[in-house]
Amino acid sequence: MGCLGNSSKTAEDQGVDEKERREANKKIEKQLQKERLAYKATHRLLLLGAGESGKSTIVKQMRILHVNGFNPEEKKQKILDIRKNVKDAIVTIVSAMSTIIPPVPLANPENQFRSDYIKSIAPITDFEYSQEFFDHVKKLWDDEGVKACFERSNEYQLIDCAQYFLERIDSVSLVDYTPTDQDLLRCRVLTSGIFETRFQVDKVNFHMFDVGGQRDERRKWIQCFNDVTAIIYVAACSSYNMVIREDNNTNRLRESLDLFESIWNNRWLRTISIILFLNKQDMLAEKVLAGKSKIEDYFPEYANYTVPEDATPDAGEDPKVTRAKFFIRDLFLRISTATGDGKHYCYPHFTCAVDTENIRRVFNDCRDIIQRMHLKQYELL
């Protein structure tokens, strides 16, 4: 009995335990409430779009503009990726010279051994970037035949940053090379999986989710649809004369339009508005002004397209460029206005993802829209 009596707690002890439990519960509830409020206050943005549209570049811009950019160690880690871009670019161009129809010969036959060297190192994954490699790349890039093949890059699969890095081969080859922010923005690395970037603008928290755009990556998107404030859909406008990597047949811009339509009409996303980034405006302008690839050859309806009266061109913009960019904008708006249910809206913006000032201005313009979507999301509007 004595032992039992000693092990049992007095009413006073039990009261103390109960009080401690209540205090602990109160602290937990307070923390949970704090987390709920923080979650509700966060704007979650989902970046969607077809492969190579510029989604990851937008994320990099958010880091440059709103996080602290890239530290020296991160820049150092990107050197190998940038040099790999150089290798991929020159291998692709040199290999395409004999496969495109009609084929393109080297302008200087003395460069043949350089071309053979580049083709021989193509399959090597763990490649050492020697001075010999960079010298061959530089000489080949100066060859007018290689340049002529590059000009026909819509006929094969070439990364967008090819010209940018090939023109900067002298700096990229330096032993003490340090990539600039622009180099990091241009660097192409395939996005696989889901990447989250967190940043704050004027004390407002943003979580941006970047998902791979290639067809086999899209099944992962559904994981990100829960509680999204807005979708930022990125479309590469300059891709009107290109085909996708996945099948080497489907027009890239058509693929982007079809994907946009499937997202717009997705029953799980009927109340989520889309901010449309009509990207790669710089490359679109270059193609249109070069006049080699006519939009009407790929989109016959362009022949009868008239620019809307309310269209506002950029200062000094060529009318041909204005017509092209608004035509592509209207292809997307035709999809978003077809339903007309008033449950979600499409807000188009012309962007150049590698231009930091352009993205700063566009994102600032979007913040009011995102705020309204956020208030609507939690029925505060």
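Using the three backbone atoms N, Cα and C, a Cβ is placed for every residue, glycine included.
Keep in mind that what you see is a predicted model, and the values were worked out from it rather than measured.
Look at Swiss-Prot and you will find 10-25 tagged as compositional bias 'Basic and acidic residues'.
Feature annotation from Swiss-Prot assigns S-palmitoyl cysteine to CYS3; the stated evidence is similarity to another entry.
Among the features that Swiss-Prot reports, phosphothreonine is placed at THR178. Less than 8 angstroms from the CB of THR178 (phosphothreonine) sit PRO72, LYS75, LYS76, each of them six or more residues away in the same chain. Taken residue by residue with DSSP, THR178 (phosphothreonine) is part of neither helix nor strand, so it is coil.
Residues or ranges marked as region 'G5 motif' in Swiss-Prot: 351-356. Confidence over the region 'G5 motif' (351-356), given as mean pLDDT on the 0 to 100 scale, stands at 98.
Under 8 Å from some Cβ of the region 'G5 motif' (351-356) lie the Cβ atoms of residues 54, 57-58, 61, 64-65, 181-182, 185-186, 234, 277-282, 362, all in the same chain and six or more residues away from its ends.
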